[in-house]
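Quick look at what TrEMBL annotates:
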type	residues	note
DOMAIN	176-497	domain 'PDEase'
BINDING	HIS252, ASN253, PHE254, ARG255, HIS256, ASP293, ASP402, GLN453	AMP binding site
ACT_SITE	HIS252	active site, proton donor
BINDING	HIS256, HIS292, ASP293, ASP402	Zn(2+) 1 binding site
BINDING	ASP293	Zn(2+) 2 binding site
Amino acid sequence: MGSSSSTYRPKYVYLDIGGRIQKVAFSKYCNSRDIMELFCIATGLPRNTTISLFTVDDCMVSIDPTMPANSERTPYKVIPVTTGQQTEKEELFQNLLAQVIEQFSRVFKIDELKTDVDNHLAMLEKRVELEGLKVAEIEKCKSDIKKMRDEMAARSTRTNCPCKYSFLDESKRLVPRRDVPSYPKYMLSQETIEALRKPTFDVWLWEPNEMLSCLEHMYHDLGLVKDFNINPITLKRWLLCIHDNYRNNPFHNFRHCFCVTQMMYSMISLCSLQVKLSQMDILILMTASVCHDLDHPGYNNTYQINARTELAVRYNDISPLENHHCAVAFQILAQPECNILSHVDKEQFKRIRQGIITLILATDMARHAEILDAFKEILEKFDYSNEEHVTQLKMVLIKCCDISNEVRPMEVAEPWVDCLLEEYFMQSDREKSEGLPVAPFMDRDKVTKPTAQIGFLKFVLIPMFETVTKLFPEVEEVLLQPLWESRDRYEELKQIDDAVKELQKKKNESLAIGSKEK
């Protein structure tokens, strides 16, 4: 369960230039050469100078878009790489080369050609700007055609849920990566470490490798690696295998997995859960969050059941997706190279396995009312020493984290709505093409962003978080205030949409009356 356009933010680094601190910003789309030239300009060096960066601990830093951000207190020292003086032959060669370039420029009129090209490019850019709407329509048509082709291809295999491997075929097994470490160990700044513990963390700023490093940090920071004797290399290999088994869906993808796990990490910190729960409970909460949507096909349980897919048949229409996520999670853990639980005894493994399964199954929204009502019943007499009470709490916590996007700042939350609606529309288009029932909240012809969010906020999110804050009143401002603000904002947007529709309706009526009179 849960929700790729993203909000762009530049990366900032601080450079130490002879004792003077210079702040430099660059885009993640820059290449290494562009960034090095930018640093040269900032330091007053020629643009083609080769430079090296060093941390305050004299560790060399790679100059590339994924280089770790630093702070004004920990600037990178800029050291030009000395290349020595040019020899007389080299100087002669450079002069000769300059003369040849000048001759070519005169013969082939390169300057005039460059001017013509620049003028032509400017004209093309103007045309693109003027015809932007047409281009957008063409791209939408291309996208729709591609979706239709995909749907036509999928109809012949409607009863088969597309999975990366089938449990029915024992010859197809997960192959864990053995080339560990396969992703660089990012040096997380203190600023990043502190931000990770807050719901305001911007999940759109990070590449997959950086998200993997953040997840790895969480397991170390919570003491899970130490307390459960997890081999750090096995942890890396397990996280890589997890990443590889999330599909590139608009919403239910690896970034959503990271988003849910980071929110759980925040809740553990904000609610002081390590003081109130056992380390085994913390391990269950974190690992269930990481695994909760593994191999999600992008079509929900309603589709699986109505289309009679392989998953629905296998799990007898009972939470087919959530059962599948659990099965994939433990198939990964069954590989010795990925088994982060290899050092726990049989009884501990049994309890951890049952805990993870219980939490992942709780993310089925069909069980929402059942789970929340059961939690409300024990709320007034909640007892942390009561195992059943703690299990109910953990189920509600993972549900909160799974659908917590609106708790985040607007610029982080809103792109997730677009992603979720895109996935919904893909499903409803497929349901229409296959003659299956279509839910109104997933129909592109009936739903808008405000209408989709208002009901969800008012009847699902806010009541659930209000219930949680009764047990943890200290986090009410952090968790509930953003939800109230989001509800009010979407209600304002809906009023605007309704007013525009009313004006358009009156205009159409006036035009119709005018045409009749003629």
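Placed from the backbone N, Cα and C atoms, the Cβ positions cover glycine too.
Remember, predicted model here, so these are calculated numbers, not experimental data.
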Among the AMP-binding set HIS252, ASN253, PHE254, ARG255, HIS256, ASP293, ASP402, GLN453, as the record gives it, the longest Cα-Cα distance in Å: 23
Sparsest-packed of the listed binding-site residues (ASN253, GLN453) - C-beta count within 10 angstroms: ASN253
Euclidean distance between Cα atoms of HIS292 (Zn(2+) 1 binding site) and ASP402 (AMP binding site), Å: 9
ASP293 (AMP binding site), number of other Cβ atoms within 10 Å: 27
Mean per-residue pLDDT computed across the domain 'PDEase' (176-497): 94
HIS292 (Zn(2+) 1 binding site) versus ASN253 (AMP binding site) - Cα distance in angstrom: 11
Residues satisfying Cβ distance under 8 Å from PHE254 (AMP binding site), sequence separation of at least 6: PRO208, MET211, ILE242, HIS243, TYR246
Sparsest-packed of the listed binding-site residues (ARG255, HIS256, HIS292) - C-beta count within 10 angstroms: ARG255
Cβ atoms near HIS252 (AMP binding site) (within 10 Å, other residues, all chains): 28
Alpha-carbon spacing, HIS256 (AMP binding site) to HIS292 (Zn(2+) 1 binding site), which is rounded to whole Å: 10
Cα separation, ARG255 (AMP binding site) to HIS292 (Zn(2+) 1 binding site) (Å, whole number): 13
